[in-house]
Amino acid sequence: MNILHLTFSARGESSESQRLSRKIVEMLFQRNPKAELLVRRLGDGALPHVDADYAFMQHSNNAGPYGKGSSAMSDQLIAELERADVVVIGTPMHNLSVPSSLKAWIDHVVRARRTFTMATSGKKGMLHDRPMYIAVASGGRFSGTNAHQPDFLTPYLKAVLASIGLNNLLFFSVEGTGARAESVELARRVADQALTSHFNSLELQHASENLD
Ligand SMILES: Cc1cc2nc3c(=O)[nH]c(=O)nc-3n(C[C@H](O)[C@H](O)[C@H](O)COP(=O)(O)O)c2cc1C
């Protein structure tokens, strides 16, 4: 099994989304000790935005030549995504949505005639579906009865990833990282508990399938 772990926080080891997404990777390894892992830390501006080379390629039916600019990076990021059996994303919420680093990755992988085709009904995904775990950290709350801000991150990721064929998204979150230390610790525990329940239910499902 190939795991692709992508992180988009600029806060390095202090990052809650990185911590939570790493925990997901650890749990995947417990289930598949021989899994192979590719880690990309993209939260510090490491990934440039798409450039003219890429934009002209997106716009054209012409085969090229392209590849002198960010279309080569796009090729590489799409190949990594295609190779992955499971994708784990760790991302902060920035201004009610995804950070620009994650948006840059999306711009590289959501690519006409490569990961989607255009039908009269809209974009049609070309990638085969696979589980995508998405660990979100936010300074305030965006879900549940205490949410005090709209959430454009979750619906955006669902829509844009569905456009390339990825519909199996599993969201986990640590919300309220800007609150006092005890509240953050509680939010971590709630997130970890949700993860444990999820992986326990996968084990149960696996065990019952083996009984059939
Ligand atoms: C540019 C920027 C915008 C942010 N916008 C929001 C926001 O809209 N809502 C929110 O709850 N937190 C917001 N935050 C706070 C982060 O989501 C919070 O610090 C989170 O813990 C960052 O993720 P990390 O711990 O993985 O680094 C923002 C932080 C930054 C730097």
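Cβ atoms here come from the backbone N, Cα and C positions, even for glycine.
The FMN binding site feature in TrEMBL is assigned to S9, S15, E16, S17. For 1-193, the entry in TrEMBL reads domain 'Flavodoxin-like fold'.
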PLDDT averaged over the residues of the domain 'Flavodoxin-like fold' (1-193): 94
S17 (FMN binding site) - helix vs strand vs coil (DSSP): helix
Local backbone state of S9 (FMN binding site), from DSSP in three classes: coil
Non-site residues, in chain order, whose CB comes within 8 A of the mean position of the CB atoms of S9, S15, E16, S17 at FMN: T7, R11, S14, Q18, R19, L20, S21, G43, G90, T91, P92, A135, A137, V174, T177
